[in-house]
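A.B. asks: Here it is: the structure, laid out below.
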Amino acid sequence: MKLACKIASRRRRQYLACASAALCVVSAEMHFGWSSPSIPILASGEYYFTITEDQASWLAVLLLAGTVVGAFFAGAFANILGRKKMVLLTVVPLLVGWLMIASANNLLILDAARFIAGLSNGLCFSTIPMYLGEVSEPDIRGMLSTLGPICIALGILLINVLGNYIALHTTAYIASIFPAILFFTFLWMPESPTYLLQEKKEEAAKKNLVLLRGEEEGKKELDRLVEYMKNEPEENASWCDLFTCKVNRKAMLIAYGLRTTQQLCGTTFIIFYCKTLFVESKEFLSPNAATILYGLLQLLFSFVASFVIDKFGRKPLLIVSLVGASTAMLVLSVFAYFEKNIQVDLSHLTYIPFSCLMINVAFTSIGIATIPLVMVGEMFAAKIRPKAVCVSTIYYSLFGLVVTELYFFVGESYGMYFPFLICTLVGFAIILFVVRVVPETKGKTLEDIQKELAETVVRKKIGRSQIGLENFNGMASPPSDNDRHNSKT
């Protein structure tokens, strides 16, 4: 009991640092989800100005453009300014974006606000996964890293609650409180020790490690990190190193493969489409209430994931998540097929699509919606990590846009059952990828993960060499008696 209290006490600073940093995700995700409750108000003519459907779509495009620019900036400067300064810098576009939305009296100001909000998204999601992973101890890194996905769910839920029941400009003013709290709390949090050692600031790294881990554990980790850094190249990693280094390519396959799976399984697409289904299910629950319930379930099961990820591991949760979510999508696709193609009255069964969406969000939240973001922060070496996370953020945003538009097009052309069926098939198929390719990182240090990736690459290379040598020896061996006999005949 005393030991548990002692461990909890020395880890308190890790919890505080990660919780403060995660406020950045709450505010950034509120920006992302702002359009859902706000665009209907702007299009209704009840606000200072009215927007068309085309103008509404541009608000999403401008957010995406800002995300790309912000992510590139974070990738280029995270190893120059440091993780802490990058998080504090993110406060500026977060706050400016909300204040511009609150005071916008024409479309031009709103467009500019959405681009600036996108900058904050790119900065946030290219920096926070690194910081959470680098300040956490291995056996609680999964739990603390899932604060990112938890705060994504929290941000979406908050903006839907505020946006549906409070005036648009008042919502923006309330949302601006979060970046202010982020600044005044994170200002006192420690810089990443890994970054400080990269910059040859060993004393500062030691001080922060003792602060985060306690005297004894801090010194042990410092010795381990210093030893690991001796084998790291002196020069900073370039963008090309992501693609030319075999270990980085292996890490990209795993991390970006999981991010690809997130979109192909419909995590973004379903969020957009679920409101239509909620309208169809309004007989027993209003669309606004259903949307809030959806967000609550997402938040609840993201919390569940944070408590079990370091106990059961990443891979088992991913497999359970994919099986459960894909099964729910299978039922939904069958229902949608019967509704469109079979002349059967299903009006008394509108609770089925509603239930499928709720089951789907519960299962996705414990695995496929949370763990890929955690593993992006785990899979890369410290010097290449900022660039790798930056590329991941840009890729995820652009690929999500393409997949969402493609699924909508397929749904309009063939019926909504078809994209739901694609989500189902991808979900079941990707289980093999998780089993065969994705490594288990539970309880391992970030340095150990890199060593294991390197060993995997080396073993594969040796295996290929041995096969090639055997083939060469086979070709070079003298002919047997049977061969001579066959050649004569």
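Any Cβ shown, glycine's included, is placed from N, Cα and C.
Predicted automatically and left uncurated, TrEMBL annotations should be read as such.
Copying in the features that TrEMBL gives for the protein in this structure:
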DOMAIN    1-442  domain 'Major facilitator superfamily (MFS) profile'
TRANSMEM  59-80  transmembrane segment
TRANSMEM  87-109  transmembrane segment
TRANSMEM  144-166  transmembrane segment
TRANSMEM  172-190  transmembrane segment
TRANSMEM  292-309  transmembrane segment
TRANSMEM  316-338  transmembrane segment
TRANSMEM  350-376  transmembrane segment
TRANSMEM  388-410  transmembrane segment
TRANSMEM  416-435  transmembrane segment
REGION    470-489  region 'Disordered'
A.B. asks: Near the transmembrane segment (172-190), which residues from the same chain, at least 6 beyond its ends, have a CB less than 8 A from one of its CBs?
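C.D. replies: For the transmembrane segment (172-190), the nonlocal Cβ contacts are 13, 16-17, 20-21, 23-24, 26-27, 30-31, 34, 84, 87-88, 90-91, 94-95, 98-99, 101-102, 135, 158-159, 162, 166, 208, 211-212.
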A.B. asks: Using Cβ atoms and a strict cutoff of less than 8 Å, what residues sit near the transmembrane segment (87-109) while being 6 or more residues removed from its termini?
C.D. replies: 21, 24, 27-28, 31, 34, 48-49, 51, 55, 66, 70, 81, 116-117, 119-120, 123-124, 127-128, 131, 168-170, 172-173, 175-176, 178-180, 182-183, 186-187
A.B. asks: Among 59-80, 316-338, 350-376, 416-435, which stretch has the highest count of C-beta pairs below 8 Å with the transmembrane segment (144-166)?
C.D. replies: 350-376
A.B. asks: Can you say which of 59-80, 292-309, 316-338, 388-410, 416-435 has the most Cβ pairs under 8 Å with the transmembrane segment (350-376)?
C.D. replies: 316-338
A.B. asks: Take the transmembrane segment (292-309) and find every residue of the same chain, 6 or more past its ends, with a Cβ under 8 Å from one of its Cβ atoms.
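C.D. replies: Result: 142-143, 146-147, 149-150, 152-154, 156-157, 160-161, 164, 274, 278, 285, 317, 357-358, 361-363, 365-367, 369-371, 374, 442.
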A.B. asks: So which residues does the transmembrane segment (416-435) touch in its own chain, when a touch means Cβ under 8 Å and the partner is 6 or more beyond its ends?
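C.D. replies: Same-chain contacts beyond the flanks: 257, 261, 264-266, 269-270, 273, 315, 318-319, 322-323, 325-326, 329-330, 332-337, 339-340, 368, 407-408, 410.
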A.B. asks: Mind looking up the mean pLDDT for the domain 'Major facilitator superfamily (MFS) profile' (1-442) in the predicted model?
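C.D. replies: Mean pLDDT for the domain 'Major facilitator superfamily (MFS) profile' (1-442): 88.
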